[in-house]
Each structure stands twice: as structure tokens, then as C-alpha cells.
2 protein chains.
Amino acid sequence: MELLKEKILKEGSIVGNDILKVDSFLNHQIDVSFLNEVGKEFKKRFNDVKIDKILTIEASGIAIASIASQYFGNVPVVFAKKSESKNLDKDVYETNVYSFTKGKEYSVKVSKRYLNEGENILVLDDFLANGRAALGLKDIIDQAGANLMGIGIVIEKGFQEGRELLQKNNIRLESLAILESIGNNTVKFR
Amino acid sequence: MELLKEKILKEGSIVGNDILKVDSFLNHQIDVSFLNEVGKEFKKRFNDVKIDKILTIEASGIAIASIASQYFGNVPVVFAKKSESKNLDKDVYETNVYSFTKGKEYSVKVSKRYLNEGENILVLDDFLANGRAALGLKDIIDQAGANLMGIGIVIEKGFQEGRELLQKNNIRLESLAILESIGNNTVKFR
């Protein structure tokens, strides 16, 4: 997606050799016009499958999924919760995900009310790195007996193992931009 | 807002005497068509002021603010971050908010890059209860030298002190539904 690549080159900043910060339009401040273009692009990529619901994970995935839903007939969006929440249903699908950024495991939960057997689920998220969060969401979808139709990612870190891991698990992956490398303060796309 | 009241009566569930769960359309699953109506209503309520940016707080505020932005000319949305985050700028506005739900203080942060002096800010959030989170966001806006034009709330717990606290601080408040009480498994609106 050319517009995304331009945004990354213009507004992204690199920290070390593996962190790309896109706080100005995706992870802290949100560019809503731009997210509408992202939503259109996801619809184009997944236009061949019927989607009943979009699943994402708090917090950065929420804006992406909500805006994108408008291009999928306003299907419901469900966001998986990362932290212990007093108000969440006790009756949840749950999985553990290891975060390399935080150096620890966290629990991801979705209430059983909002994922149903046989539903066609599209997972959308901001980044794909090592693929652990994506696999966690697949685990939750499997527990519900729903169908994971594919995973749409805004920015894939092509130099990490996420794609390989998802392919091993026969998961369809559509990334709008794939980073080949982000070392030496230079972004290279695949 | 009649549609909201209908949704609350039809889909909301009451826990104890002070918690209204609206997980089916606002806090876990998101009804995107409905949020578009919420966005239109906020625009109607704040149509007399020029808004440069919408500020909200993760996680539930993000969908509300992102969809609403489309009715305010796609102004940027900034979501304040609640937890310590490795990738956040060191250069942040920060305030502490006491959460009665969680029984502890948490830190709320916004990068200095995304709130600027003189900007007109609209704060949007899902719930108003005791008003502490809203006041925290006002503190951050004050630190930035920006202007808080008003706070738009989807569901106000009218039986808690939020409104009084905001009025004392001369903050304009627009709530789309005000709960008079939610005791005895019955929702009463003001």
C-alpha cells in the first residue's frame, strides 16, 4: 500500500534495529482519514471471503478494526482484552501470549458471548512481529469453534518470524506493508 | 439519545447497584453502526465549537473517538495511555488518576508531540462516574496549554459525583444518556 509506505517514511521513527514507531498516525495519535484508506485496502484484500465479525486486540487494534468494519458492512468488532478486568464476564475464552517487548506472558481473553461457533472471523492488528499475539487470537477462535478467515496486518516486520509461524499454521496473511529491515536508521520495504 | 437508551435497556446488564455492563456494543464487542449514530449525536451537541483534535483514553474510548472524528472533519484522535509502555516517548504530559473500580492509582500519559498549545480539544469517553479520569485529561490538556472545549460522554452515572466535579471546574459536559439509578436490576434514566 503506497500511501502507508509514504506515511512510514515520512512520519515513522526507528528505535534501535527492530522498533518502528508510528505514534503519529497509528499507535497514539490516530489519522482517521488514513485509517479509512487502510479499511478500504483490507476489504480489497479479503473481498473473496464472507466476514461475520472482526476480532482485534486492545489497544491499537481497536481504531483499525472499527474503521475497517465500515467497509465490511459494519460487522461487529470484538476486541480481546489483555489485562485482568473486573467487569469482564467470567465466562471467557482465554490464552496466554508471550510478549517479547515486555519480556513476560500476558493473558488474552474474549467473552464467550461474542464469538460463536461457525462464525467467519477476520483478525486485524497494527503490527506482526513474532506472531505470538496472532496465534493467541487463532487459539481463541478455535476454542469458540469459529473460522479464522485470515489475518490482516498494517505493518509486518518481515525480518521476524511471524509470517513463517502463521504459514505453518495454515493462516492466510495479508500485510499492507512489509518491512525488510529497519537497521541503520533506514526503512527498507520488501 | 433514544437509540442509546433502547440499547441500554435491551442489551445492558446490571451488576450490583452501580455497574452497568454494555459489553455487547461498547466495551468489548463494538456495534459500529450504532457508534456512527453516537458520533453524529456528539457532532450535533458540539456543533457550535471548532474542534481541532479529539482526546480519549484507552481502551474503550478509542472506537468511540475514531468513529466520531468522521463527523468532525476527520480531526486527529489521540488516546491517552494508561500503562507503562516501553515505546512511548519519554517526553510526555502525565497525570495520576484514582480508579475506584480497580482500587488504585494509575498513570495517564500523552506524548507532548500530540497536544499543542492553543488547540481546541474535545474529550470523548464511554462512561462518566466519579469524574476522575475526565479531570485527569483536563489536567493533561492544561499542561499542554490547549483548550478543553467540552467532554462528551456516552453513558453518565448520574448518581455519582462526576457531573458536579466537572461543573465545579467549569467544564462543559454533554452526556448522551444519564442514569438516575441502576439498583434493583432496573435502569432509570434522568
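Placement of Cβ uses the backbone N, Cα and C atoms for every residue, glycine included.
Feature annotations, courtesy of TrEMBL:
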type	residues	note
BINDING	A:L20, A:N27, A:K157	xanthine binding site
BINDING	A:A129, A:N130, A:G131, A:R132, A:A133	5-phospho-alpha-D-ribose 1-diphosphate binding site
DOMAIN	A:36-161	domain 'Phosphoribosyltransferase'
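Structural mapping of features recorded in TrEMBL.
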{"residue": "A:L20", "record": "xanthine binding site", "Cβ contacts under 8 Å, 6 or more apart": "A:I8, A:G12, A:S13, A:I14, A:I155, A:K157, A:L179, A:I182, A:V187"}
{"residue": "A:N27", "record": "xanthine binding site", "Cβ contacts under 8 Å, 6 or more apart": "A:K21, A:S60, A:D126"}
{"residue": "A:A129", "record": "5-phospho-alpha-D-ribose 1-diphosphate binding site", "Cβ contacts under 8 Å, 6 or more apart": "A:F100, A:K157, A:Q160, A:G162"}
{"residue": "A:N130", "record": "5-phospho-alpha-D-ribose 1-diphosphate binding site", "Cβ contacts under 8 Å, 6 or more apart": "A:F100, A:Q160, A:E161, A:G162, A:L165"}
{"residue": "A:G131", "record": "5-phospho-alpha-D-ribose 1-diphosphate binding site", "Cβ contacts under 8 Å, 6 or more apart": "A:Q160, A:E161, A:G162, A:R163, A:E164, A:L165, A:L166"}
{"residue": "A:R132", "record": "5-phospho-alpha-D-ribose 1-diphosphate binding site", "Cβ contacts under 8 Å, 6 or more apart": "A:V97, A:Y98, A:S99, A:F100, A:L165"}
{"residue": "A:A133", "record": "5-phospho-alpha-D-ribose 1-diphosphate binding site", "Cβ contacts under 8 Å, 6 or more apart": "A:I57, A:V97, A:S99, A:V108, A:D125"}
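Applying DSSP to the domain 'Phosphoribosyltransferase' (A:36-161) sorts its residues as follows: 36 helix, 46 strand, 44 coil.
Within 8 Å of the Cβ centroid of the xanthine site, not counting the listed residues A:L20, A:N27, A:K157, the chain contributes A:G12, A:I19, A:K21, A:V22, A:D126, A:F127, A:A129, A:I155, A:L179.
Summarising model confidence by region, the domain 'Phosphoribosyltransferase' (A:36-161) averages a pLDDT of 93.
The residues near the 5-phospho-alpha-D-ribose 1-diphosphate site, meaning same-chain residues not in A:A129, A:N130, A:G131, A:R132, A:A133 whose C-beta sits within 8 angstroms of the mean position of the site's C-beta atoms, are A:V97, A:F100, A:L128, A:A134, A:L135, A:Q160, A:E161, A:G162, A:L165, in sequence order. Cβ neighbours within 10 Å of A:K157 (xanthine binding site), excluding its own Cβ and spanning all shown chains: 23.
In the three-state DSSP scheme, A:L20 (xanthine binding site) is classed as strand.
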